Amino acid sequence: MKPRPAGFVDNKLKQRVIQYLTSNKCGKYVDIGVLASDLQRVYSIDYGRRKRNAFRIQVEKVFSIISSEKELKNLTELEDEHLAKRARQGEEDNEYTESYSDDDSSMEDYPDPQSANHMNSSLLSLYRKGNPDSVSNTPEMEQRETTSSTPRISSKTGSIPLKTPAKDSEGGWFIDKTPSVKKDSFFLDLSCEKSNPKKPITEIQDSKDSSLLESDMKRKGKLKNKGSKRKKEDLQEVDGEIEAVLQKKAKARGLEFQISNVKFEDVGGNDMTLKEVCKMLIHMRHPEVYHHLGVVPPRGVLLHGPPGCGKTLLAHAIAGELDLPILKVAAPEIVSGVSGESEQKLRELFEQAVSNAPCIIFIDEIDAITPKREVASKDMERRIVAQLLTCMDDLNNVAATARVLVIGATNRPDSLDPALRRAGRFDREICLGIPDEASRERILQTLCRKLRLPQAFDFCHLAHLTPGFVGADLMALCREAAMCAVNRVLMKLQEQQKKNPEMEDLPSKGVQEERLGTEPTSETQDELQRLLGLLRDQDPLSEEQMQGLCIELNDFIVALSSVQPSAKREGFVTVPNVTWADIGALEDIREELTMAILAPVRNPDQFKALGLVTPAGVLLAGPPGCGKTLLAKAVANESGLNFISVKGPELLNMYVGESERAVRQVFQRAKNSAPCVIFFDEVDALCPRRSDRETGASVRVVNQLLTEMDGLEARQQVFIMAATNRPDIIDPAILRPGRLDKTLFVGLPPPADRLAILKTITKNGTKPPLDADVNLEAIAGDLRCDCYTGADLSALVREASICALRQEMARQKSGNEKGELKVSHKHFEEAFKKVRSSISKKDQIMYERLQESLSR
C-alpha cells in the first residue's frame with residue numbers, strides 16, 4: 001500500500017503565513033495563537049467564520065511544514081557551501097604544490113600532513129617486512145606504494161622494484177618529494193644513501209630539495225615565534241588585568257586621609273556657629289580633661305542646612321584648624337550590591353579611623369544611607385543604619401585616647417533615623433541657615449579677599465541686593481562678575497583700537513575684517529563677529545592694558561541677572577525692588593507694620609528691656625487689589641530680612657500627613673534663617689473656620705499651624721504676616737493674641753490716597769509722560785473712581801497709555817510727521833469707558849461692615 005499523505009495543505013494559507021513571517025510583525029519568536037488571530041483579522045473574508053481552535057491547528061500544521069522546508073533548504077545551502085569550500089581548498093592546494101609557495105595562513109588553517117604520510121609508509125613497510133605474503137599487491141596498492149615511497153627519477157633510469165624501498169627503508173626516514181593531492185608529501189629514502197653513498201641518484205633536484213627544507217624550517221620557526229609572541233602578549237594582558245584588580249581592591253580596601261588647608265577665617269558670616277564649634281572641639285585637644293572628669297566626650301556632629309550654605313567647608317575648616325587628617329567619604333560610596341559588603345565597608349571605615357586616631361570622619365549626604373527604618377524599602381538600608389549605630393557606640397567603648405570625631409552633613413535632617421540623633425551619636429546638631437544681610441556682607445568680604453576690587457567698594461550695598469543668597473551663590477556671583485569685567489575691558493580695548501587703528505598690541509580686528517569682506521551685517525552679526533575676533537586673537541594682554549582691570553560694583557549688578565539663588569528654589573522670594581516709595585498712601589498701615597516688624601529688628605535691646613519677646617503677627621485684610629502683598633514685600637525689603645512667601649493652597653497635599661509636614665518644614669526653614677518673615681497669601685484657604693462636622697485634612701493643617709505659631713517651642717525672630725480677602729471665614733483661634741494678634745484693614749483708598757497712588761504709578765507724571773491738560777487731582781476726585789482700588793488705578797493709567805500709543809500709530813500710518821508721545825486728558829476719558837471697578841457697591845458695603853467688626 002502507498003503511504004498515507006500528510007494531509008491537504010492550503011497553498012494560499014501557506015503563502016499568507018510566509019508573507020506574515022517575512023513582514024517581521026511577529027518579531028523573533030512566533031506565537032501560533034497570535035499568528036492565527038492576526039490572519040483571521042486581516043483576512044476576515046476567508047477565515048473570519050472559521051472556528052478559532054480548528055484554524056489554529058491548521059496554521060500550526062502549515063507553520064511546521066514551512067519550518068521543515070526552511071531547515072532542509074538551510075541544510076542544502078550549507079552542504080553546497082561546504083562542497084564549494086572543499087573545491088576551492090583543493091584548487092589552492094594544487095596551486096601550492098605546483099608553485100611551492102610558502103603561505104603562513106595556510107599553515108595555520110590546515111595541519112601539516114607530513115607526519116601522517118610518514119606513519120602510513122612506516123607501518124606499511126613494517127607490515128610488509130613481517131608478513132610479505134599476506135599482503136596482496138593490488139594495482140591500487142602498488143600505485144600508492146610507488147607514489148609514496150619511490151624517489152622521483154628521470155625516464156632514463158626506469159623504475160625501481162617495490163621490494164627495494166622496503167629493504168632500504170629499514171631504520172630510515174622518508175621525505176616524499178613526489179607531488180600528490182596534499183602538499184608537502186615528499187619522501188626520500190635516506191637509507192639508500194647510507195647503504196650506498198657512492199650511488200648517484202639520477203637528476204635529483206638537490207637545490208630544490210634544500211630550498212624546500214629551508215623554507216619548511218623557516219615556516220615552522222615563524223609559527224613558533226608567532227605562538228611565543230601571542231603567549232607573551234596574553235601573559236602581559238593577564239598580568240595587567242591582575243594588577244588592575246589588585247589596585248582596585250587596594251583602593252576599595254581603605255580610603256586615603258586628606259590634609260585640609262581651610263581655616264575658620266575662610267568661613268565667613270557664621271561667627272556664632274564657629275563659637276559653638278570651638279566649645280565643642282575642646283576634647284580633641286585636651287582629652288585628659290574629660291577623662292579626669294569621667295565624662296564621655298561628644299563623638300558626632302550633624303551639620304544641616306540648605307544646599308550651598310557651607311557644610312562641607314565647615315567640616316574641612318574644623319580639620320584644618322585642629323590640624324587633623326580628615327577621612328572624607330560620600331554616603332553612596334558605602335552602598336554595595338553584594339549582601340553584607342556595605343556593612344563591611346562601614347566597619348573597615350571606623351577601624352581605619354581608630355587605628356589612625358586622632359582624626360575626623362566626614363560622611364557627606366548621610367541621609368542617603370540612614371533613612372528611617374520604619375519606612376525603609378529594603379532590608380539593606382535597615383542593616384546599614386544598624387551597623388552605623390553600632391560603630392558609633394563602639395567609639396564610646398574605646399578608650400578616651402582614641403580621639404575620633406564623626407561629622408555628618410545633610411540637607412534633610414528630618415529624614416534621618418531618630419536613633420542616630422540621640423545622645424552619644426549625632427547629639428550635636430549645627431544648623432547653617434540662609435545668611436542675613438550682615439552675614440552676606442562678611443561672606444562677600446571673605447570671598448573677595450583675593451579679587452582685584454576698587455578701593456571704595458560698597459559691600460553693604462551688594463549684600464542688600466542679594467537676599468536669599470547662600471555662600472555658593474555668592475561665589476558664583478563673584479565668578480560671573482569677573483567674567484563681566486573681562487568682557488567689559490576687552491570691549492573697551494576694541495573701542496580704543498577703532499579710534500587708534502595703528503595700535504598693534506591690542507586685539508586686532510584687521511583679520512576679522514578680512515574674513516568678513518564687504519558684506520553688510522546686522523547688529524547681532526557685528527556683535528558675534530566682534531566676540532569671535534576676541535576668541536581668535538591669541539596675543540596676551542600687556543601689563544599696561546591690564547593695569548586698570550578690576551571688578552567694579554556695576555559688574556556685580558550685571559551678574560545678578562544671571563545668578564539664581566538657591567533659596568529661591570527652596571521657597572524664599574527675593575524682593576530687591578519693592579520699597580515704601582513704590583506704595584502710595586497707606587501711611588497709618590505703614591506705621592503699624594514698622595512698629596510690629598521693623599522696630600524689633602532695629603531696636604532689639606529696647607524691646608527686650610520692656611519684656612516684648614514674642615514677635616507679633618499681622619493679618620492684612622481687605623478687598624483684592626488694595627496692595628496687601630505689596631506691603632508685605634516692602635516690609636521685608638526695608639527691614640533686610642529673609643522673606644518666605646507661602647501661597648495658601650500650595651501646602652495642601654492629598655496624602656495623609658504631607659500637608660502638616662509642609663507646614664512644619666516652612667517654620668523650620670524660617671527658624672534656621674532667622675530673622676525671617678513668613679508671608680501667608682490667601683490664608684483663608686489654609687485656615688478655614690473649623691466646625692464639629694469637619695474631621696479632615698484641613699482641620700489637621702489648622703491645628704498644626706496653631707501649634708507652630710504659638711506652641712511649646714518659641715519662635716524667635718520669626719515674624720508672621722498673612723493676607724486675606726475674607727477674614728470672616730478664618731478660624732478664630734488664628735486671630736488671638738500671640739498668633740495673628742494685629743489685624744490691619746487695607747480698604748478702598750479715599751480721594752487723597754488715590755491721588756498719592758496715581759502720582760506713584762506715573763512717577764509724578766514722568767512715566768508715562770502726561771500732557772499739560774491732565775489733572776491727576778481731578779481724576780482722583782472723580783466720582784467714577786469711588787470704588788477703584790490701587791490695581792484699578794494702575795489699569796486706568798495703562799489703558800490711557802495704550803490709547804495714546806494707538807493714536808500715535810494711526811498718525812504715522814496716515815503719513816503725518818511723528819509727534820511727541822504723551823498721555824492727554826481725552827485718553828483718560830477713553831480709559832474710563834473701558835476700565836470698570838473690581839469692587840461692586842454690594843461688596844463695598846460688605847467690606848465696610850467687616851471693617852467695623854474688626855475695629856471693635
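Just so you know, glycine gets a Cβ as well, placed from its N, Cα and C.
According to Swiss-Prot, the features are:
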- 305-312, 622-629: ATP binding site (BINDING)
- 92-111: compositional bias 'Acidic residues' (COMPBIAS)
- 114-124: compositional bias 'Polar residues' (COMPBIAS)
- 133-158: compositional bias 'Polar residues' (COMPBIAS)
- 205-218: compositional bias 'Basic and acidic residues' (COMPBIAS)
- 219-230: compositional bias 'Basic residues' (COMPBIAS)
- S134: phosphoserine (MOD_RES)
- T138: phosphothreonine (MOD_RES)
- S191: phosphoserine (MOD_RES)
- S211: phosphoserine (MOD_RES)
- S215: phosphoserine (MOD_RES)
- 84-175: region 'Disordered' (REGION)
- 197-236: region 'Disordered' (REGION)
- 267-474: region 'Interaction with WDR74' (REGION)
- 496-523: region 'Disordered' (REGION)
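On the structure: features taken from Swiss-Prot.
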{"residue": "G305", "record": "ATP binding site", "Cβ contacts under 8 Å, 6 or more apart": "K311, N411, C431, L432, G433, N672"}
{"residue": "P307", "record": "ATP binding site", "Cβ contacts under 8 Å, 6 or more apart": "N411, V470, A472, S566"}
{"residue": "C309", "record": "ATP binding site", "Cβ contacts under 8 Å, 6 or more apart": "L432, G433, I434, P435, V470, G471, A472"}
{"residue": "G622", "record": "ATP binding site", "Cβ contacts under 8 Å, 6 or more apart": "K628, N725, F745, V746, G747, Y847"}
{"residue": "P624", "record": "ATP binding site", "Cβ contacts under 8 Å, 6 or more apart": "N725, T789, A791, S838"}
{"residue": "C626", "record": "ATP binding site", "Cβ contacts under 8 Å, 6 or more apart": "V746, G747, L748, P749, T789, G790, A791"}
Mean per-residue pLDDT in the region 'Interaction with WDR74' (267-474) works out to 86
